[in-house]
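One structure is given here, and the rest of the page talks about it.
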Amino acid sequence: MASIPEERSAEHRARSYQLEMFEASLKGNIIVVMGTGSGKTQIALLRIIHELENSDGKLIWFLAPTVPLCLQQHRVISQHIPAVKSRTLLGSDKVELWTEQAVWDAVLEGLQVIVSTPAVLHDAMTHGFVRISRLGLLIFDEAHHCIRKHPTNMIMRNFYHPALQEYGPGAVPRILGLTASAGSSREGLQTIEMNLNSVCTTPQAHRQELLEYTHMPELRRVLYTPLMKENASLWEGSTLQKLLERDNTYCSGQMKTFVCKAVHIFQELGIWAAEYFIRASVEELLSHAYVHSKIDLDYDEREYLVNILSKSPVPDIDVHSTDPKDFPVSPKFEALISFLMSTEDINFSGLIFVEQRAAVTVMSYLLSTHPSTRDRFRTGSFIGMSNSTNRKTMLGDLLSAKMQPDTLDDFRYGRKNLIVATDVLKEGIDVSACSVVICYNIPKGFESFIQRRGRARRQNSTYSMMLSTEDDGSTLDKWQKFEKIMEEACLEDRRRTEELRALGSLDEDVCTRFCVRSTGAILTAEYAMQHLVHFCDTLPRQNYVEDKPEFSFERNDGGLLRAKVILPSSVNPKVRRAEGKAWWKTERAAKKEAAFYAYKALYEHGLVNDNLLPLTKSREFTRKDISLLPAVQKVSEQYDPWVDWAHLWSSTNLYQNRILVRQNEEDTSMKFITPTATPPIAPMKLCWDSETTYTLEFEAAGAVSLTAENIERMRAATSLYLQATTSTPLAGNKDYIALFGPDLPWDELETWLKKNQGHEPAIQVFSSQRPLDRMGVVRDRSRYGELLIFKRWLNRSGDLELECDPYPSKRRNLLQRQTLAKKRPAEDEILGSPTKKRILSASHCTIDRLPASETVFGRFIPVILDRLEAALVATRLCETVLRDIQFQDLRHVITAITMPLAQAPTDYQRYEFFGDSVLKFTVAASLFYNNPNWHEGYLTETLHALVQNARLTRAALDQGLDAYIISNRFTPRKWSAPLISEKLYASASTRSMSAKVLADVVEALIGAAYIDGGLHKAQSCIVRFLPEIELPETKLPRPESMPMSKDHKKPHLIQQENLENHIGYTFKDKTLLMEALTHPSCPYDTSIQSYQRLEFLGDAVLDMLIVDLIRAHHVECQQGEMTKIKHAIVNGHLLAFLCMQFKWAMPSPLTPSIDTGTETETEIISPPPKTLSLYSYLRYSPSRPLPLHVEPESGSSNALTRHNLLCPSILHALNNTTAYPWSLFSAIHADKFFSDVVESIIGAIFVDSGGDLGACAGFIERLGLVRIAKRILDERVDVTHPTQRAQIELQKLAARLGCNDGFRFECRTVRDLSSGKRKTLEVDINDHYGDEDPAVLGAEGPELTYTCTISLATLRTNQDFGRDLDDIVVTGCLSKEDAEIQAANLVIELVGRLESGRLYKKNMDLDIDTGVQVDLDLDMNLDPGITTG
């Protein structure tokens, strides 16, 4: 079988001819006949995956002719299908000793794929341990062996065909054969077809593509002069021969075989090689004479053999000589050296096939030692792995089977470039395509000839035969015949290629046409192809995926073609596949017709618009009236509720409210008269000073009927309160909008006014001995009536004085604790503090009659009215714009419409954070459910268009929300009581407002609705502002469910139950889980869309889950902190890490343990379990596997390797440290699909559960995300991104140094210059980090690295540092973010050292090698590749 080719095609998907063969295998039993290196393994993998995903529970048995090939194919299957339960069954497992059915049942239990040699399966079936009915699929690698008495044919003859004849096709497995040589004659081909009950098949519709990947080598003859007959027959008739033939003991047999091998090596390679063989064999025997596992002879035989050979003379050879004459070799080997030295390929890689195992070892050693070849060729040897533990013929067997895998690996990775091997390497073994293949001995048959030739599959390669000049002619004629066959085959292929090219120039007229009536747009077959390619170019880009239409063809009996096109897997399955209807002479015409029908289907399913163009952001997704919105809007002035109240005073209906004032344990109260019922007002906490707070509670309003006299008295009382707290006389008008007074019966109000209005001279108050609790505010007339708080009287030197404290400033907002005044300390603490205590002459002062304990009401009135105004604005908003939302708690609305500029107790920033996620979630779900045909690209573009600030700004303006946004700042010093006379004649005006504020308030209201009444109320609020949003019916089945999904009992996914158990959710629609695990590169299942749509939905669901977790936390965080926390929890780094961590053990296949002493006791042992991960279940392209396995031999490092290295440090940081491990995450640089699959599974659970967020929360809790999130919240982990912190630190430092210039993070990509490519990318630190780095997309190879430079030119202008301070440079990073984080960490450390005064000009020196400043005095423990100033 052709191994997986080393060359990587530019197309990272299954080739068309491979898909043609795969689809043919689904229709019936076939034998795939394709050349070596054409990729038959891919076909087998596709067939195995299909069988597993449509499994009936039967075994898949893969038969390979040799042990190395079995091991190789099992490795390939395990790497490409990690979730499969598979194992090998080989002779080394001692299967011949498994003599009980219970042993076989235990071994095979739970397995899905078995790889073995044919003999193992034949023996098991012969003894009845494995029945043919238990097999679902039989794969025959190197199917041409299925003839005569070969075990493969015995399986078919003795078990398959009898069962087929007796029970029918349902009782036997499906057959897939793979071969590069189906036979040398038509009769042989028919025999193999009959034996395997299959039809030999080779690509027909895509033969031209197959020819592009298979290269016929040039056949060359290497002639040599044979040995003279007298030298060749030295052994015959010798004394040694007679002696050995006379005895017939086991030792004589060993010696006879040994001598025959030595003579063969002498004849083939020469005397030096024979002497080396004898010497090395004797040394090998003596060194392992008493090791049981190496030589299995009894004691006497061993002693006898050792005694003979230890006394025999051993040839002395010189292996270090530089003179070729010291290496006498045979003429045949001389011809080989001459041929090898004539090759001039600098990338030489070659194979030499020899006949005997012993000759392999000796020739390899001779080539690596001979002066002519040892410096040019790096030689290895390979004899296979069939060394049995019971082998007793060990004398002269020099090569250990344990060395074989190393030889092949060395050859694959270029550490060796020439391999000497037996025929074991001619079939299937995965080796690099060779430039030279040499048959040192003539192949024994046509199949061997073809198989050896298949190793020379590099372009312009050579296939050489070693032929004797004295050959009788028959052998040469035979190979000349074969050479002619090869030449004719090449010519036939060339003729076929020329015919196809000639047909390609034929211009067939494809007369298909489609017209869109609404626009007149026309689609024709002539331009359909470029339309289709353009559509594919607009699909979302993904690494490991090439988004382009894939065409395949079928050919009818008349040789005409019909095309089929398959679009990338991100396209809906309904339109992903299209076929032509007519038959054509040329592929060009067939492709045009298929492209026409494909594009027409895209239009019919709404994937292109009426202009027959892909939907774009500028047309379908965005309203035209939002693109022209300026950044600053002219909007309505803030709604003034006092205007409405001024008009309501004309009515006789009044309402009385009661305000309860609590201070410590003392309660007082006030009356509050309004012209209408007031909305509920939340209790207020007013901060008088650092130790004194008042709590105001409002009782419900009740209607009251007041006389004109009482209204006037309430106005007087209101004026009294307001005047009591200001030194400025009030205006004459007292028609206040709201009236305040003492909580007294109405008939006592006039008495209260008379008692408390006005003031008295301080001297008079002193004379009347007014009680201290009735003492009013002191006014210093010498200082314009400055207000003071009376403390005590002082009568010193006959002058009456007052000791007072300053009255709290009117500038202070009592709602804000940060502006608290300090309470007056104890008297013994202020004796030396004249700024606090005031001593005034009584003659300059007056004292108000209103007690100071009641004057505080005058300070409360502005605060009460300010909060009442906010409540009235919110109430009016709820009665108009939000009339359908029905908020329960008005405080949420007040918070949502209050700008930070207003400096109110709350503002919209926190609610905007919640609303943003709720909006994104709702719109994403709506788009997902209501547009089942749209791919992820359309969904993402539409989501961004609907939730962008411009759209929300337009929604706010359309609904008139601008008038209800509270921007007026409450300033107590400038505040004046609203008057009826002023408000009656107020005129409308406008104000300027940022468009972003309007958008933020919309999101804040959505957040307020979410907090007030949950998700349903929030979504009602969304529809109010964005009526185009159709709320999704999440309880209904997804509209795009495939017919497969109706069969819920069928296990469509490999090991699905195991996966569902660990996810913690059992899917009702199994295809949803398949879709969630289908990578966009998956080519073989056109009925399932890739996971991108579900990942789009899951991303929004995850945001919603984390936001709900943050909201429910007992500690309230500010908006900026919540944003950083959410980013730390849902970022792709953490999700990818948790995906890699999400592992569990799958029990390995059981293995019987045999007691080799008795060979009777069998114990079933369980090997270490196989580890499965979430990513093990990904369905992807076998032709370009995702990097899910560590291959250290390749010299490269993938994300899993880096994860294994950094995992302990990351876990320690996540569980113990106070800082988030941004640097460690960026160093892993995980591929995006690791995080994508987590989000796609969340999306799949959400859809399958009918929108149950709890089910999704259960999965992320199992994943470990909830635990990490709770620790971040509970322990206040610092989640600030290093680049943000570095920018802040640099800006602070620049400000302190008086520098105006900012700092810039400059990032560029650097390719290895040997690749001939170079890219440069400069990125500002504030740039958005996308899912993929721009330079990574389409990049190949590990040579792409990033360098980040942070210019410190601004600092160099400062005299404290001078010009010796150089820029910070970080090199060799795998991603842009990693480079910037590494540089940012150095900036943070550098700034700290600069500010501490430890780093100065005298400490700096220039690194000559790098040209970059380094700190000679600091131990900074930098990573390799990092230099710093």
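Every residue, even glycine, has its Cβ placed from backbone N, Cα and C.
Listed features, source Swiss-Prot:
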BINDING   M34, G35, T36, G37, S38, G39, K40, T41  ATP binding site
BINDING   E1095, D1236, E1239  Mg(2+) binding site
DOMAIN    21-200  domain 'Helicase ATP-binding'
DOMAIN    335-501  domain 'Helicase C-terminal'
DOMAIN    528-622  domain 'Dicer dsRNA-binding fold'
DOMAIN    874-1014  domain 'RNase III 1'
DOMAIN    1056-1250  domain 'RNase III 2'
MOTIF     141-144  motif 'DEAH box'
SITE      K1232  site 'Important for activity'
Worksheet item: Going by DSSP, is G37 (ATP binding site) part of a helix, a strand, or coil?
Response: coil
Worksheet entry | Among K40, K1232, which are recorded positions, the residue with the most C-beta atoms within 10 angstroms of its C-beta | K40
Worksheet item: Averaged over the whole of the domain 'Dicer dsRNA-binding fold' (528-622), what is the pLDDT?
Response: 88
Worksheet item: Counting every protein chain present, what is the number of Cβ atoms, excluding its own, within 10 Å of the Cβ of G37 (ATP binding site)?
Response: 24
Worksheet entry | Local backbone state of K1232 (site 'Important for activity'), from DSSP in three classes | helix
Worksheet item: What number of additional C-beta atoms lies within 10 angstroms of the C-beta atom of T36 (ATP binding site)?
Response: 25
Discussion item. I need the most crowded of these binding-site residues: G35, G39. Count other C-beta atoms within 10 angstroms of each C-beta and give me the top one.
Written reply: G39
Practice prompt. Can you grab the distance from K40 (ATP binding site) over to K1232 (site 'Important for activity')? Cα atoms, rounded to a whole Å.
Written response: 30
Worksheet item: Other than E1095, D1236, E1239, which residues of the chain come within 8 Å of the Mg(2+) site, judged by Cβ distance to the Cβ centroid of those residues?
Response: Y1091, Q1092, L1094, F1096, G1098, D1099, S1235, V1237, V1238, S1240, G1243
Item to complete: For the motif 'DEAH box' (141-144), give the DSSP counts of helix residues, strand residues and coil residues.
Response: 2 helix, 1 strand, 1 coil
Worksheet item: What does DSSP give as the helix, strand and coil breakdown of the domain 'RNase III 1' (874-1014)?
Response: 91 helix, 8 strand, 42 coil
Item to complete: Between S38 (ATP binding site) and K1232 (site 'Important for activity'), find the distance joining the two CA atoms and give it rounded to the nearest Å.
Response: 31
Discussion item. From the DSSP assignment alone, can you count helix, strand and coil residues within the domain 'Dicer dsRNA-binding fold' (528-622)?
Written reply: 32 helix, 18 strand, 45 coil
Practice prompt. Please report how many Å separate the Cα atom of T36 (ATP binding site) from that of K1232 (site 'Important for activity'), as a whole number.
Written response: 35
Discussion item. Just to verify a number: CA distance, G39 (ATP binding site) to K1232 (site 'Important for activity'), in angstrom, no decimals.
Written reply: 28
Worksheet item: How many other Cβ atoms sit within 10 Å of the Cβ of T41 (ATP binding site)?
Response: 25
Discussion item. Measuring Cα to Cα, how far is K1232 (site 'Important for activity') from G37 (ATP binding site) in Å?
Written reply: 31
